[in-house]
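Trainee: Below, the features straight out of TrEMBL:
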- B:523-646: domain 'STAS' (DOMAIN)
- B:1-25: region 'Disordered' (REGION)
- B:141-161: transmembrane segment (TRANSMEM)
- B:173-191: transmembrane segment (TRANSMEM)
- B:203-221: transmembrane segment (TRANSMEM)
- B:253-274: transmembrane segment (TRANSMEM)
- B:281-302: transmembrane segment (TRANSMEM)
- B:339-362: transmembrane segment (TRANSMEM)
- B:374-393: transmembrane segment (TRANSMEM)
- B:413-431: transmembrane segment (TRANSMEM)
- B:438-460: transmembrane segment (TRANSMEM)
- B:472-495: transmembrane segment (TRANSMEM)
There are 2 protein chains.
Amino acid sequence: MANSNSPDGGGSGARNTFNDETPSVRHRVALPPKEGLLKEFKSVVQETFFHDAPLRDFKDQTPSKKVLLGIQAVFPIVGWARNYNLRKLRGDVISGLTIASLCIPQDIGYAKLANLDPKYGLYSSFVPPLIYAAMGSSRDIAIGPVAVVSLLLGTLCQAVIDPVDHPAEYLRLAFTATFFAGIFEAGLGFLRLGFLIDFLSHAAVVGFMGGAAITISLQQLKGFLGIKTKKFTKKTDIVSVMRSVFTEAHHGWNWQTIVIGSSFLTFLLVAKFIGKRHRKLFWVPAIAPLISVIVSTFFVFITRADKDGVQIVKHIDQGINPISAHKIYFSGKYLTDGIRIGGIAGMVALTEAVAIARTFAAMKDYQIDGNKEMIALGSMNVVGSLTSCYITTGSFSRSAVNYMAGCQTTVSNIVMSIVVALTLLFITPLFKYTPNAILAAIIISAVLGLIDIDAAVLIWKIDKLDFLACMGAFFGVVFISVEIGLLISVVISFAKILLQVTRPRTTVLGKLPGTNVYRNTLQYPEATKIPGILIIRVDSAIYFSNSNYVRERALRWLREEQEKNKEAGMPKVKFVIIEMSPVTDIDTSGIHSLEELLKSLEKQDIQLILANPGPIVTQKLHASKFADEIKEENIFLCVGDAVAVCAPKLAEQLA
Amino acid sequence: MANSNSPDGGGSGARNTFNDETPSVRHRVALPPKEGLLKEFKSVVQETFFHDAPLRDFKDQTPSKKVLLGIQAVFPIVGWARNYNLRKLRGDVISGLTIASLCIPQDIGYAKLANLDPKYGLYSSFVPPLIYAAMGSSRDIAIGPVAVVSLLLGTLCQAVIDPVDHPAEYLRLAFTATFFAGIFEAGLGFLRLGFLIDFLSHAAVVGFMGGAAITISLQQLKGFLGIKTKKFTKKTDIVSVMRSVFTEAHHGWNWQTIVIGSSFLTFLLVAKFIGKRHRKLFWVPAIAPLISVIVSTFFVFITRADKDGVQIVKHIDQGINPISAHKIYFSGKYLTDGIRIGGIAGMVALTEAVAIARTFAAMKDYQIDGNKEMIALGSMNVVGSLTSCYITTGSFSRSAVNYMAGCQTTVSNIVMSIVVALTLLFITPLFKYTPNAILAAIIISAVLGLIDIDAAVLIWKIDKLDFLACMGAFFGVVFISVEIGLLISVVISFAKILLQVTRPRTTVLGKLPGTNVYRNTLQYPEATKIPGILIIRVDSAIYFSNSNYVRERALRWLREEQEKNKEAGMPKVKFVIIEMSPVTDIDTSGIHSLEELLKSLEKQDIQLILANPGPIVTQKLHASKFADEIKEENIFLCVGDAVAVCAPKLAEQLA
């Protein structure tokens with residue numbers, strides 16, 4: 001351990017050569033206090049599952065207070081309800097009404113993406129938001145069906161059961177998937193495995209969402225162009241859809257439908273543009289869909305355009321959610337399908353909701369507990385599946401409107417939920433003449449916001465590999481299918497992690513002139529190498545997945561350096577210093593690799609030196625006896641110390 | 001960029017406060033020269049696939065020399081054959097004869113593990129070693145069938161086809177699996193994906209091998225005890241096997257068999273012990289198996305013990321390998337099974353061979369190109385599958401004997417191969433009376449060496465999580481099945497990588513007294529924190545998989561520090577310095593997290609400061625405009641510089 005009292009002559013002699021920068025006090029590489037096995041295990045478990053110290057508030061409290069805190073942990077509403085006041089209520093009511101006006105037309109449209117009757121979209125905006133309001137901790141998220149998850153659910157379910165031929169079974173499968181999506185989400189949160197959703201990379205999500213937006217818009221073409229045939233493709237890839245659209249052209253697109261659809265789409269896009277330009281006018285795009293629905297419905301009702309081939313909604317059942325618990329498949333051949341679909345759709349729903357919750361929490365600077373949030377989202381889907389709802393999550397567009405309309409708490413979700421319930425009870429018959437083309441226009445204008453070109457450009461600028469992941473997911477969704485696109489994004493995300501782990505960076509360091517600081521010679525061209533000494537920094541823990549690479553790479557750096565020195569007539573390298581600061585951990589394979597490196601270097605008459613091993617590494621170097629093999633005096637506190645000892649030895653050898 | 005000419009007053013004023021240790025020359029954080037997209041891409045590809053610079057030797061050579069080098073790259077034998085001499089030949093002949101005497105009885109036994117006739121074991125020791133001798137680059141590896149791969153092939157194949165009821169189809173499936181194992185191995189090498197085998201961790205392999213040794217030994221109980229029934233279980237787990245063994249006890253174990261088996265097993269183990277004690281007597285355990293076979297065969301022939309129920313080999317066909325190319329399933333229902341089994345068994349075979357090649361290469365200090373090695377191993381299995389061989393790889397026990405017997409080149413494999421061929425041509429009829437119990441004893445004594453208790457102890461000492469992986473694989477194999485054990489080892493290996501990536505370590509740094517060096521306060525208790533400044537080091541690249549964790553963990557360190565300060569009546573933290581040295585890379589999610597951290601800290605009136613970002617990170621901080629958000633003067637070359645600037649600012653604020 002670079003002991004300054006070491007009996008080794010070279011080391012002691014060298015002490016006088018330390019320059020001003022590493023002054024008289026020479027520190028040893030400390031072996032940290034040995035922790036017990038239990039303590040070590042506890043610390044790993046804590047960092048993995050409880051890094052946010054969720055029980056921190058419970059410390060040093062009376063039992064009754066602890067119970068209250070426990071209830072509050074599950075139902076945050078208990079916590080903030082006591083501080084609720086009229087000012088907050090005003091904000092919540094305004095925002096709740098705004099998102100309600102936005103969600104009603106969207107719900108009807110999104111239900112179609114899931115191959116379900118429009119009423120199920122409305123049902124899903126009634127019960128789940130109430131559950132979330134009690135259990136959720138995000139103040140800004142707006143709960144309900146969303147486009148991407150609806151599409152995903154629809155695609156996955158129709159691959160198992162045909163929704164037209166077997167509507168009852170299809171519906172049961174959708175509820176089953178919803179139930180298991182909820183179980184899955186709550187389970188992840190309960191087991192504190194929430195970090196798993198971090199494995200879906202931001203870049204892949206951007207690509208996937210963009211692709212899904214294109215796919216969803218393509219799906220709307222049928223309604224938008226008034227194509228009536230039943231032979232329209234069920235595939236979602238762009239090639240199949242466009243072929244279907246154009247082979248149906250001779251059957252006749254319906255021009256009235258196109259006129260209605262286009263004019264209202266234009267109106268919606270203009271409203272969107274206005275809202276973007278003037279943040280104060282955020283309510284214009286928020287209520288534009290409802291206005292479109294009202295105006296167009298009235299127009300069709302007056303002109304009876306439905307008799308000219310303009311397709312209309314026709315009928316939405318009146319009344320709130322019926323119980324659907326008995327419809328869930330808890331056995332039989334569709335059970336596994338339900339679990340699988342629920343798992344996939346639940347994961348996507350979760351990713352979206354947590355991303356939204358985190359974004360707005362950062363904007364308003366409050367904390368979101370990801371795991372608790374998952375329990376809330378899971379519970380709302382489980383309860384939803386028992387009350388005729390399909391998978392819901394946080395909607396990005398509605399959450400943004402909610403935020404801008406001044407929501408204060410989850411009460412805005414309650415307000416929205418009440419409005420939806422009233423709609424279901426009293427207003428649904430009025431939707432009879434609503435043209436389908438309007439719903440298509442509303443969906444198109446909503447999902448276009450998911451295509452985030454700025455984010456893609458930023459990803460391109462920052463990381464080309466990330467961009468590849470982004471584009472892979474995008475084109476996978478657009479040209480193949482939603483599942484394949486999702487699969488591509490997951491695979492690329494994992495491949496990137498694995499690449500990072502197998503091929504850590506190694507750098508040659510040089511000394512910055514006039515300091516005792518050693519830096520990457522590529523980044524700091526003024527950093528100079530010290531003749532006869534090669535300093536390599538390894539930028540990762542050394543594990544089985546990269547130990548061979550690290551050893552081989554170090555030997556390659558050495559070979560290249562020796563060749564350069566030979567050409568330049570410089571002295572041969574006699575010391576290889578491995579700067580270990582970034583090496584946070586090492587396993588048996590890593591130790592083994594170091595041993596092999598030591599042997600290889602010894603055969604070439606080169607001394608291996610370690611600088612600044614961290615606490616865990618130091619411990620393991622000693623546990624494995626590698627510290628004895630390399631000898632303790634060859635382990636230093638920092639590169640500067642190591643160089644100070646090597647330089648005079650080198651001078652001796654040359655002399 | 002911490003510009004020393006910065007107009008910012010604090011920065012300029014602070015320059016005078018730098019102490020001796022970071023002297024007058026103040027360096028800026030350099031933005032490395034921007035690389036073109038193509039160059040960056042090239043460098044990633046190079047490090048991932050060609051980190052060993054395989055084409056290095058081809059540089060600056062004449063075309064004819066390049067052709068020669070190319071041939072030599074595929075067939076290393078062309079390279080060293082010219083320097084071959086009588087002295088080397090002597091070593092190779094001796095070691096070749098030694099491993100031949102060891103492999104012949106083993107081959108006959110291992111073929112039974114794969115549910116194949118004994119002759120296929122011998123066939124597999126004839127052709128593949130010849131191919132390897134021409135193409136392989138390890139000088140010490142001994143090629144042939146090995147116990148674990150034989151067992152794995154046998155277990156996987158019998159799950160598809162019953163080897164007793166359909167021996168012809170079973171044999172074809174085994175050849176098909178062998179063919180695809182070869183294609184798979186050579187393919188990995190050809191595509192330079194050799195690093196994939198690094199994902200099987202050392203710990204998992206130790207556990208898997210130990211478990212496989214137990215399982216193989218259990219399989220030998222049937223032969224060892226002379227159990228004749230056909231109802232003996234086909235499962236490999238310890239519970240099923242032991243139940244089978246004892247339910248058959250009343251049918252009678254064969255005492256003659258047990259006597260023969262036990263006495264020779266004792267003889268083999270004693271020979272092994274002698275070989276271990278006296279390294280010079282390594283040949284004792286090496287030839288003990290052959291002696292056992294000769295003696296026991298002669299004994300049975302004299303006493304006709306086979307008439308008393310001692311089971312014997314009975315018959316081995318005479319003649320060398322017949323062609324089997326027409327037997328491989330290139331279509332039909334068994335094709336996919338063959339590909340799957342080949343893939344799994346090939347991966348295990350590859351792991352074993354590469355580990356052996358690397359171990360002995362490190363001992364003799366020569367280089368092994370893992371990818372080229374895989375091409376050689378794959379080619380030998382493809383050719384093997386066409387000539388009635390099943391999957392072969394490097395045998396650890398025989399390679400060790402080969403090494404100790406003084407092998408010089410792969411010629412020892414050629415010698416072994418010739419001896420096996422001669423055996424097949426002339427001697428096989430003599431094996432007729434060889435008792436099966438001897439083969440069982442030979443296999444048991446061979447595989448016991450795979451149980452590496454020392455390695456397991458070392459793993460326990462170094463890394464508890466690795467030990468868990470090791471035990472998981474071990475018990476999975478012993479109590480469930482070989483495939484499940486393998487699956488457990490792969491899953492645990494991956495889980496460990498993912499854990500490493502999601503939960504990087506973060507450390508609070510303090511200043512070592514009398515120096516300007518900042519180190520982990522847990523490892524160096526003497527390192528002192530600077531009041532009002534919190535220094536956190538993040539020990540990993542910041543990627544999507546850990547960006548949220550890093551941000552939340554940093555905020556938790558801050559919260560804990562503030563609480564401590566409050567209790568101790570110390571000043572509040574006003575500066576958070578993130579030491580970025582180990583942060584080798586950052587992606588969009590990481591940048592996003594830094595932005596959120598910056599915002600959170602600003603709300604608490606705390607300044608975020610970055611110290612020593614690496615070249616790639618610096619580039620990305622600028623590309624993403626985060627450098628502007630945090631302001632360039634808050635990015636420093638090292639922690640010392642940052643503290644030197646913060647300290648006077650802090651004093652001003654307190655005053």
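Note that Cβ sites are derived from N, Cα and C of the backbone, with glycine treated the same way.
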Trainee: Out of B:173-191, B:203-221, B:281-302, B:413-431, B:472-495, what stretch is closest in contact terms to the transmembrane segment (B:438-460), meaning most Cβ pairs under 8 angstroms?
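Mentor: Per the Cβ under 8 Å count, B:203-221.
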Trainee: Averaging the per-residue pLDDT over the domain 'STAS' (B:523-646), what integer do you get?
Mentor: 87
Trainee: Same chain only, please: residues at least 6 beyond the ends of the transmembrane segment (B:339-362) with a C-beta under 8 Å from a C-beta of the stretch. Say none if there are none.
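Mentor: Apart from its flanks, the transmembrane segment (B:339-362) reaches 136-141, 146, 148-149, 152-153, 156-157, 160, 173, 176-185, 188, 194, 197, 200, 205, 368, 370, 373-374, 377-378, 381, 391-396, 399, 403, 483, 486.
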Trainee: Is the transmembrane segment (B:374-393) in contact with the transmembrane segment (B:472-495), using at least 3 Cβ pairs under 8 Å (sequence separation of 6 or more) as the test?
Mentor: no
Trainee: Please work out which recorded stretch in B:141-161, B:173-191, B:374-393, B:413-431 has the most C-beta pairs separated by under 8 angstroms from the transmembrane segment (B:203-221)?
Mentor: B:141-161
Trainee: Report, as numbers and ranges, every residue of the chain located at least six residues beyond the transmembrane segment (B:374-393) whose Cβ falls under 8 Å of a Cβ in that stretch; write 'none' if there are none.
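Mentor: The answer is 74, 111, 114, 116, 120, 123-129, 131-132, 135-137, 143-146, 149-150, 153, 174-179, 181-190, 194, 321-325, 328, 342, 345-346, 349-350, 352-354.
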Trainee: Same chain, outside the transmembrane segment (B:141-161) by at least 6, Cβ under 8 Å from its Cβ: which residues?
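Mentor: Residues 99, 103, 106-107, 110-111, 113-116, 121, 124-125, 128-129, 132, 169-170, 173-174, 177-178, 208-209, 212-213, 215-216, 219, 234, 236, 334, 337, 340-341, 344-345, 348-349, 352-353, 356-357, 360, 380, 390-396, 398-399, 401-402, 412-413, 416, 443, 446-447, 450, 481-483, 486 contact the transmembrane segment (B:141-161) from elsewhere in the chain.
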Trainee: Per DSSP, how many helix, strand and coil residues does the domain 'STAS' (B:523-646) have?
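Mentor: Per-class counts: 63 helix, 21 strand, 40 coil.
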